[in-house]
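**Student:** Have a look at this one before I ask anything.
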Amino acid sequence: MTLIGLDDSDSRERGMCTTYLAVRVAEAVRAAGGTVERLVLVRLNPAVEHKTRGNAALCVHTDLAVDEALSIARKAVDALAAIDDPRTNPGVVVAPGETTSEPVVAFSRRAVREHLALADAEARIDAAGYRHAEWGNARGLIGALAAVGAWQSFDDPTYEHISYREADRRGTPREVDFDSLVAAADWGYPDAWDTVDHGESAMVCVPHAPGPILHGVRGDDPGVVRAVAERIESEPVERAALFVTNQGTDAHLRDGTIEASEDGRSYRLDGRVSGSPETRQGGHVFFELDDEGATMACAAFEPTKRFRDRVRALRVGDELTVCGEVSEGTLKLEKFAVRDLVTTEPVVPTCPDCGRSMESAGRGQGYRCRRCETSAPGKVEQPIERDLEEGWYEVPPCARRHIAKPLVRGGFDAPIHPEH
Ligand code: ATP
């Protein structure tokens with residue numbers, strides 16, 4: 001087995017895509033007499049600021065000799081990558097062997113959750129004796145090495161069937177039939193997820209950015225994602241490929257505490273709502289979470305649409321687990337679990353005789369009814385209607401991060417309220 005890791009071939013303007021580069025490398029491998037075992041698409045730390053879009057890196061698993069594999073990858077990058085863009089810094093790492101060494105698998109796991117240095121990647125590539133090629137500032141080597149170790153680091157593999165556009169149509173509006181897409185998505189759900197967003201009537205599997213992808217159908221079952229893609233009526237598909245991925249797995253999240261959390265990482269954090277949700281300019285909703293005196297601002301941004309109603313329904317005192325990336329001290333919510341809801345609130349007591357609100361009898365002296373002379377020692381607890389239940393709530397499919405796990409996939413520690 002030879003593993004060809006690829007990354008950073010894309011530019012925002014030119015609209016390439018490293019998945020397409022991997023497909024072209026796989027074709028060249030086959031043309032050279034090799035076989036392709038699988039294509040791996042790994043989503044690395046979504047907080048990395050150099051990313052073009054989704055921080056994807058790719059690996060082609062083949063049986064071709066290392067030298068030949070490197071030469072094919074090098075040619076493909078030269079031909080297809082946007083290397084004239086100074087922000088595009090491709091890297092290729094070619095590793096021999098059936099399995100990658102544990103330090104490389106560990107590097108891969110860390111690349112999903114942390115910020116890694118190029119020097120660290122280069123040292124590991126040298127230590128493992130891997131061949132490599134790089135362009136520009138060589139930053140792509142980080143993702144390329146992470147891609148090499150990715151498949152063995154996946155605890156919960158998922159699939160994406162990507163269909164590509166014909167070259168002369170790229171950059172023009174995509175022609176995809178909405179009704180057939182919705183029917184295909186419903187047919188494949190829940191084995192295929194995040195294909196459409198019913199609430200927003202959005203074709204989630206069809207990207208907006210320029211580039212070669214027509215649509216990418218994601219799910220748990222390789223047969224189902226392919227069948228869904230085949231049911232979608234659209235402009236001609238130039239080529240298509242199946243990828244094994246860590247998308248939809250929450251692989252980026254680590255269990256943490258508010259106090260110890262750091263920017264540029266993604267967490268599961270427990271706490272109590274300590275500041276009421278507030279909608280700010282632009283429609284973004286913020287609230288404060290507290291854990292034994294350490295506080296964290298949590299945000300549901302405007303693009304998370306109806307999820308913001310869930311967040312607005314929170315009240316001070318609710319116990320939560322929140323998930324998302326911490327950036328500038330604010331956690332960008334991807335999902336949250338209600339662990340305990342406040343169900344009563346203290347109110348001024350009413351008079352048992354006349355039914356009117358009592359009045360304060362003075363500081364610390366309780367309440368009394370002037371007319372009836374009844375009294376009460378303090379406020380009384382009154383039940384409140386809540387629009388939330390215990391369990392997990394999530395952003396809708398239209399706002400999902402590639403790596404975030406949709407609730408419908410299951411395996412959560414409380415009841416789920418999936419968005420569809
Ligand atoms: P593309 O389609 O080109 O892959 P992308 O959105 O996936 O687009 P890249 O252009 O690959 O983003 O940019 C990400 C860059 O960040 C790459 O150079 C990659 O090596 C690097 N990188 C990825 N993960 C990490 C990490 N955890 N720490 C540091 N650098 C990283």
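Cβ atoms here come from the backbone N, Cα and C positions, even for glycine.
Just so you know, TrEMBL annotations are computer predictions that nobody has curated.
According to TrEMBL:
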type	residues	note
DOMAIN	4-61	domain 'TiaS-like TCKD'
DOMAIN	139-252	domain 'TiaS FLD'
DOMAIN	269-328	domain 'OB'
DOMAIN	349-388	domain 'TiaS C-terminal zinc ribbon'
**Student:** Short question: which residues 6 or more past the ends of the domain 'TiaS C-terminal zinc ribbon' (349-388) have a Cβ under 8 Å from it?
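**Tutor:** The answer is 309-310, 313-315, 318, 338, 341-343.
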**Student:** For the domain 'TiaS FLD' (139-252), what's the mean pLDDT in this predicted model?
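**Tutor:** Average per-residue pLDDT within the domain 'TiaS FLD' (139-252): 97.
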**Student:** Where DSSP helix means H, G or I and strand means E or B, what are the helix, strand and coil counts for the domain 'TiaS C-terminal zinc ribbon' (349-388)?
**Tutor:** 0 helix, 12 strand, 28 coil
